[in-house]
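Copied over from Swiss-Prot:
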- HIS221: active site, tele-hemiaminal-histidine intermediate (ACT_SITE)
- GLY53, ALA54, GLY55, HIS56, LYS104, ASP109: substrate binding site (BINDING)
- ASP413, GLY414, ASP415, CYS416, THR458, SER459, THR512, MET513, ASP565, ALA566, GLY567: ATP binding site (BINDING)
- 8-349: domain 'DhaK' (DOMAIN)
- 384-580: domain 'DhaL' (DOMAIN)
Amino acid sequence: MDKHFINDPEVLVLDGLKSLADMNKTLTVHEEGKFIYFHDYNKKNVSVISGGGAGHEPTHSSFVGKGMLTAAVSGSIFASPSSKQIYTGIKQVESEAGTLVICKNYTGDILHFGMALEKQRTAGKKAELIAVADDVSVGRKKSGKVGRRGLSGTVLVHKIAGAAAARGLPLEAVTTIAKAAIDNLVSIGASLAHVHVPGHEPIAKEDEMKHDEMELGMGIHNEPGCKRISPIPSIDDLIAQMLKQMLDQSDKDRAYVKIEGDDEVVLLMNNLGGLSMLEFSAISHKVKEALAKEYKINPVRIFAGPFTTSLNGLGFGITLLRTTDRVKVEGEEYSLVDLIDQPVEAIGWPLCQPSDLKSKNKIGNVSIEEGQKDVKSPVTVDKEKVRQAIVNSMENLIKAEPKITKFDTMAGDGDCGTTLKRGAEGVLKFVKSDKFSDDPIRIVRDIADVIEDNMDGTSGALYAIFFHGFAKGMKDTLEKSKDISSKTWAAGLKVALDTLFKYTPARPGDSTMCDALVPFVETFVKTNDLNAAVEEARKGADATADMQAKLGRAVYVGDDVKVPDAGALGVVAIVEGFTK
């Protein structure tokens, strides 16, 4: 995606920093130095400073605050800040106890942060520099003297170093603890596409990934990974490949940290910025499950979110931190997990993190009610005939799904067709099962239950209410007549429509499913003629193309979009199927 609301990189970076200060009044932005700092810092504690190119937010700036980073210096997007900027940041939060500078293992970062560090040392001040290197995708042979790249493990080093400094530990101890964390880190990423940097030309088409292609190990600045994969593997297969690179001790090129099943491990899942939280959350769970199943690793802490992004990158990363060993410093032992658990006041760090992931729900789960199975009809129907009629209807609906989806994408959110298809597939599965009965009331009520289980959103609720009302109408009618006929079904449909109207303001003329449903029901009640009722439903659906929508997301569509309502088309597909 090469479209942005703000295309000036300098405006982006500086205003992004100012936003953090807007939210946290203990933070101040140094505009000339382009860094943000915690102005209430304790001058007797070690100051912890980090930074790097912009575009990786919340790293580094959102982790500035009490108990974490003292300052973070920002370069332009994907470019290291200058040594002058960094040195100004160091002087801004100078401490009696000294300064620990943390950067990621990239040449530009090391040179600029290192130059600033040497200036501070020349001035007679205590200062140390550590570079986070946690990427496993580029092995020892390829990385050579440069070493591993720095990825999302950097955030855990920020947290641990900041917590150690907040305890008042000396610079040597804080540095030793932070280095111990780096030595136990492994990370890897996977991406579906390169990212576009605001203000830059789009990536050349010949360099862009194809639709059925992804890159394993792609860096956070669009750098190449270890390989491109086509076709894109299943998520389970992809996770297996990623964990193998992280944990396979037989791969001497990448076996940086030995992690075994009985180790204490922290898992950090990183969203590169462009994955929906729904998809990212599902991926995170799959990683946790794969660790347990394939490696017997059960993390003691799990973090998931956008920690070190690549602008709006379509990808994710996995970071594992081995925390089994206590770090020994001057006769004292320190737990990395305890330091991670230590409270902070930094905007980017998760506030809600339970200290014991092994805690389980002890009260048990309530069961989902199956419905009233004690209601019975005084009559039965030809089971196979009804079954086939329903099958015809649902298959016709499934066949119509692409058309429904097309029109709903033009005038809505595009999910009407797929939602109806899910419901149809659920009904088909039910009617072909042993649970399908010859009791007409139970058939209708069970279909209502199936709809509840398989169709979400507004349309699912509307159809479920309609069919529950249908079952009630059938029950009331059969209690009086004890005879099953087209009039019985018509009476049930009339009650179903009345029931639906209790819960929706939609009426004919509003460009909704009601424009097809109401004429169908009214015609069938009046004539008991199915074909005539279906024809009226078609006319009602066709008419919606010229209506102004008054309900649903279609309300926001421009008047020039003339398409029939997708919900009305769905009704037509259902009732039309009964005539086949």
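Positions of Cβ are set from backbone N, Cα and C atoms, glycine also.
Structure coloured by features recorded in Swiss-Prot.
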residue: GLY53; record: substrate binding site; DSSP (3 states): strand
residue: LYS104; record: substrate binding site; DSSP (3 states): strand
residue: ASP109; record: substrate binding site; DSSP (3 states): helix
residue: HIS221; record: active site, tele-hemiaminal-histidine intermediate; DSSP (3 states): coil
residue: ASP415; record: ATP binding site; DSSP (3 states): coil
residue: THR458; record: ATP binding site; DSSP (3 states): helix
residue: ASP565; record: ATP binding site; DSSP (3 states): coil
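For the substrate site, whose annotated binding residues are GLY53, ALA54, GLY55, HIS56, LYS104, ASP109, the maximal Cα to Cα separation is 15 Å. Across the structure, GLY55 (substrate binding site) and ASP565 (ATP binding site) place their CA atoms 42 angstrom apart. Between the alpha carbons (Cα) of ASP565 (ATP binding site) and ASP109 (substrate binding site) lies a span of roughly 56 Å. Taken together, the residues in the domain 'DhaL' (384-580) have a mean pLDDT of 89 on the 0 to 100 scale. Among the binding-site residues ASP415, THR458, THR512, GLY567, none has a Cα sitting within 10 Å of the Cα of HIS56 (substrate binding site). Minimal Cβ crowding within 10 Å, among the recorded positions HIS56, LYS104, HIS221, is found at HIS221. Sparsest Cβ environment among the binding-site residues GLY53, GLY55, GLY567 (other Cβ atoms counted within 10 Å): GLY53. Within 8 A of the CB centroid of the substrate site residues GLY53, ALA54, GLY55, HIS56, LYS104, ASP109, the other residues of that chain are GLY51, GLY52, THR59, HIS60, SER74, GLY75, ILE77, PHE78, ALA79, SER80, ILE220, HIS221. Cα of GLY53 (substrate binding site) to Cα of HIS221 (active site, tele-hemiaminal-histidine intermediate): a span of 9 Å. Counting Cβ atoms from all protein chains shown, THR512 (ATP binding site) has 29 others lying within 10 Å of its own Cβ.
Around ASP415 (ATP binding site), taking its Cβ as the centre, 18 other Cβ atoms fall within 10 Å, counting all chains. For ASP109 (substrate binding site), the nearest neighbour among the recorded positions HIS221, ASP415, THR512, judged by Cα separation, is HIS221. Among the binding-site residues ASP109, ASP565, the residue whose Cβ has the fewest other Cβ atoms within 10 Å is ASP109.
Among the recorded positions HIS221, ASP415, THR458, THR512, GLY567, no residue is found with its Cα located within 10 Å of the Cα of LYS104 (substrate binding site).
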